[in-house]
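*Asks:* What TrEMBL shows for this protein is this:
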| type | residues | note |
| --- | --- | --- |
| DOMAIN | 41-308 | domain 'G-protein coupled receptors family 1 profile' |
| TRANSMEM | 29-50 | transmembrane segment |
| TRANSMEM | 62-87 | transmembrane segment |
| TRANSMEM | 107-128 | transmembrane segment |
| TRANSMEM | 149-174 | transmembrane segment |
| TRANSMEM | 194-226 | transmembrane segment |
| TRANSMEM | 247-270 | transmembrane segment |
| TRANSMEM | 290-311 | transmembrane segment |
Amino acid sequence: MWANDSARGPCFRPMNITLEERRLIASPWFPASFCLVGLASNLLALWVLAGARQGGSPVRSSFLTFLCGLVLTDFMGLLITGAIVVSQHAMLFDWPAVDPSCRLCRFMGVAMVFFGLSPLLLGAAMASERYLGITRPFSRPAAASRRRAWTTVALVWAAALALGLLPMLGLGRYTLQYPGSWCFLTLGPAPGDAAFGLLFALLGSLSVGLSFLLNTISVATLCHVYHGQEAAQQRPRDCEVEMMAQLTGIMVVASVCWMPLLVFIAQTVLRSPPAMDPAGQLSRATEKQLLIYLRVATWNQILDPWVYILFRRAVIRRLQPGLSARSRSLSLQPQLSRRPTVA
C-alpha cells in the first residue's frame, strides 16, 4: 500500500489525470459501441454453432465444443467488464468514493485476468486436440470426444480463475488504471507485483507459442497427406481442413491482439530503473501505452467469433466455387487401398 493512499484503500494509487481530462478521454460512446458489436458478434457465432452441432462426427463435435467454450468466454468477458467500464464512462463516478473497500476493483481485476487468459489457454487446448487427432488418430476414444472437450474447457476455466485469484492470497495487487475506469494487475517493482505480472505474461506467451508450434505441425501433416504420393487414396476430409483453417485464424488473432500487451507487461515489471515510482505512480507515457495495448487485446473478443463465422466451408465455397467442384471430383476417385484418415 502506498503511504499517501492508505486512507482510500490498497487498490488506489496516484494517477496523473484531472477530471476534465477524464471527461475528454472517457467518452461512453466508444466502449458502448465496442461492447455492443462484440456481444452481437459472439451471439451470432453461438447461433451458427448451435446449428452446426446438430449431427456430425464425434471429432467435429469435440472441436465445436471447444469453439463454443471460446465464444462463451468472449461473450461473458465483454458483458461483465464492459458493463463496468461503460458505467464508469457514462457517470464518471469517483471510484474511491463508490468502492472504498476495493471489492469492485478486485472483482474487475479477476475478471480481466480470467477472461484475458482463458481464450489463450483454450487456443492451446484446441491446438493440442487437433495435433493428437491428426498425428495420432487412434490414441484416444472418439465416443467421449464431447464430454472430454467440456471437461477440458472446465479445467481451463478453473486454471485461469485460480491465477486470477492469486492477488487475494497476497501475490500481486489489482489497482485502478488510467484513466480511472478499469482495474488490472499492478506493473510495479514490488516482488509480488512483478511475480504476478511475469506469471500472467509468461503463461499467456507460452499458450500462444504452444498453439503456434502444434498448429504448424498439424498443418504440415495435412499438407503432406494432401499432396503426398498417397494423396489419391488418403485425402483429408473437408471438415479437417476447415477446422485447421479456423484454428489457425484464432491463433493469428490471439497473437496479434495479445502479444504486444504480454510483452509490454514483462518489459515494464522488469525495467530498471522501475517504471513505477515509490509513490505508486507510472509515467503518463507508460499509462497510455498500457491503455492502448489493452484496447488492442480486447479486439480478440470481437474477432474470434468472426474467424469461425467466415472460415466455414459454406462461406469459403461461395467465395471460391472451384474448391467445391474440386472437392466433389476428389471424392469420386476410387480408393486403391483402405487407409485410416486423421481423426
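Backbone N, Cα and C atoms are what each Cβ position is placed from, and that goes for glycine too.
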*Asks:* For the transmembrane segment (194-226), which stretch among 107-128, 149-174, 247-270 has the most Cβ pairs under 8 A?
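*Replies:* Result: 247-270.
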*Asks:* Restricting to the domain 'G-protein coupled receptors family 1 profile' (41-308), what is the model's mean pLDDT?
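*Replies:* Within the domain 'G-protein coupled receptors family 1 profile' (41-308), the model's average pLDDT equals 87.
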